[in-house]
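Asks: Here it is, the structure in full.
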Amino acid sequence: MSEGKSPRHAAEQESADVSEAEIAVHWPEEDYVLPAGQFIAQAYLTNPGVFERFSLDRFPECFKEFADLLDWYKYWETTVDTSAPPFWRWFVGGRINACHNCVDRHLAAYRNKTAIHFVPEPEHEAVHHLTYQELFVRVNELAALLREFCDLKAGDRVTLHMPMVAELPITMLACARIGVIHSQVFSGFSGTACAERIADSESRLLITMDAYHRSGELLDHKEKADIAVAEAASAGQQVEKVLIWQRYPGKYSSAARLVKGRDVILNDVLAGFRGRRVEPEPMPAEAPLFLMYTSGTTGRPKGCQHSTGGYLSYVAWTSKYIQDIHPEDVYWCMADIGWITGHSYIVYGPLALAASSVVYEGVPTWPDAGRPWRIAESLGVNIFHTSPTAIRALRRNGPDEPAKYNYHFKHMTTVGEPIEPEVWKWYHREVGKGEAVIVDTWWQTENGGFLCSTLPGIHPMKPGSTGPGIPGIHPVIFDEEGKEIPAGSGKAGNICIRNPWPGIFQTVWKDPDRYVRQYYARYCKNPDSKDWRDWPYMAGDGAMQAADGYFRILGRIDDVINVSGHRLGTKEIESAALLVSEVAEAAVVPVADEVKGKVPDLYVSLKPGLLPSTKIANKVSAAVVSQIGAIARPHRVVIVPDMPKTRSGKIMRRVLAAISNRQEPGDVSTLANPEVVERIRALAT
Ligand code: WT7
């Protein structure tokens, strides 16, 4: 990181992510690209004065504007209670229901409007256009079932392990209607990963689907539920019922048998609830709406607990002003609802605005890289939202496809990882046809919604950079000593947010200490302080700020690898590898990948006396897939005679990362076993 090297980065040479930061810092500054006049002419936000309205001295009252996008049963009294930092309580005293705000309140004006366009992966299957009226009916019937058949009440947790189908938002909204806290686990995660989340959230109920389509295959999904329930039980959590949606109602598409007394075909039982209505439960604004598990520095995923009033107001405001969703727009976010992006920007944000939101079941490149553009053309999609990984894949597999289809985006989003300027330019020129404005939105599972972005109708865009903090968000970069690194200094540091905001998560489920330690302790100068100004939020990303105030995000400073925009904890992968009895030590490093951004290379050493074999390598790979899911499948498993180690016995991941990325490992003379480096290089290249 040459001149941009901060002391921590120098000291932290053992972290593999330093090399990631170095790559990014060497990107040259790009020229501005201006938003099209046609976009600006219709944009909600065009007056830069908005930043005045949300200046730090207007905190926290400025956020009233967020809350006022919603219907309240009882209006709140306190904008934010900051008396017990860093536990913030937004819109205290208010009563609200998220489902009412996303469904019921739209019926008067939009009953017959499409709420969800469900697009099955098989192209011959008809698209289902679910209207707000239908959504209302289905959510009510399911809410009645959850309450009466499953005996659920407000505050209970339910784990969902569902694919990208319309039934997923229906299930989430039915939970929200009765105040039940949902915890949706990404469908690509394994039964074991699901079990861990069931146990941590203490869910008595699992809701899943028998099967779904992915890359041309109808995948058996219910089989994962059996593993999840068995493993949750051994972790001490009994699942009483498994509710199973059928991908094709009336037909069971899984080879896994139904367990008597436990497994229930959901669409069959629902027939008994036809016509039922359930009044939405007026929940306290601070009642948790959902849990979303994410990877951290330890092996155990953290359940990020999001509130009802603060979260919903935050995603509604940002959907309106950053996504610029107007009632007449057709909006498609191609993320998976199993991640926070899908929760905030497929389900809660767009539906709070009565938008039409597309839910696509499959992979973007199935059956070919023209698929997204055919979907956009046929549905009239004009706002599009995806990740650099998807953009890279579409660019590689079909660089000229967008031009063949007659669709027009006014607005596009990129989120989840840094985007290379070349990829950005293809997105702008080919996918956006030079007409669409692009927002590169930076945020995290913990944050509820966007933190940094350009304002689409106000700011020029800069490829490869996100923007400044959005209105109401005041980012700052600190060096290792807690000194502010000024904009334009060319130096990188840790990006933090000075102030709380309504979308920030409330705590780590059942682990408030971890919440304080991981996000707030680092730059808190006085742990006894009751002043929110003393409690900046630390995101865990390295970043630098250009003179114009735009931030460039350089990547994680912790032990997290960002694969296709999804966070994987290196510790999680390493612990999975260590379950294989032959393995003595394991170390994961990120390898640059043309499409996925980063992929994990897994180095393992074996117990004494064992010889390396493909069989062991395959076993290690299988263990990772079964513990976490295919998304974490190692790019390679390299069996090494020994790990490169410091004299204190710490594995030098930096050296392994250099080998994997075909770079020079730098000075290895201080290692306890420098001779092993060349042997590893010979094995790994
Ligand atoms: C991490 C958060 C937020 C939804 C998707 C990921 C990286 C996120 C950007 C961006 C560069 C980005 C950061 C962050 N990240 N957006 N626009 N540019 N990096 O949510 O799984 O919680 O991951 O993704 O490293 O910390 P997540």
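Glycine is no exception: its Cβ is also placed from the backbone N, Cα and C atoms.
Given the structure is predicted, the values throughout are model-derived calculations rather than measurements.
According to TrEMBL, the domain 'Acetyl-coenzyme A synthetase N-terminal' annotation covers 54-102. Annotation source TrEMBL lists domain 'AMP-dependent synthetase/ligase' at 104-501. Annotation comment: TrEMBL describes 572-650 as domain 'AMP-binding enzyme C-terminal'.
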Asks: Could you give the number of helix, strand and coil residues in the domain 'Acetyl-coenzyme A synthetase N-terminal' (54-102) as assigned by DSSP?
Replies: 15 helix, 16 strand, 18 coil
Asks: Just give the helix, strand and coil counts over the domain 'AMP-binding enzyme C-terminal' (572-650), going by DSSP.
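Replies: Result for the domain 'AMP-binding enzyme C-terminal' (572-650), in helix, strand, coil order: 23 helix, 28 strand, 28 coil.
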Asks: Averaged over the domain 'AMP-dependent synthetase/ligase' (104-501), what pLDDT does the prediction give?
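Replies: Mean pLDDT across the domain 'AMP-dependent synthetase/ligase' (104-501) comes out at 96.
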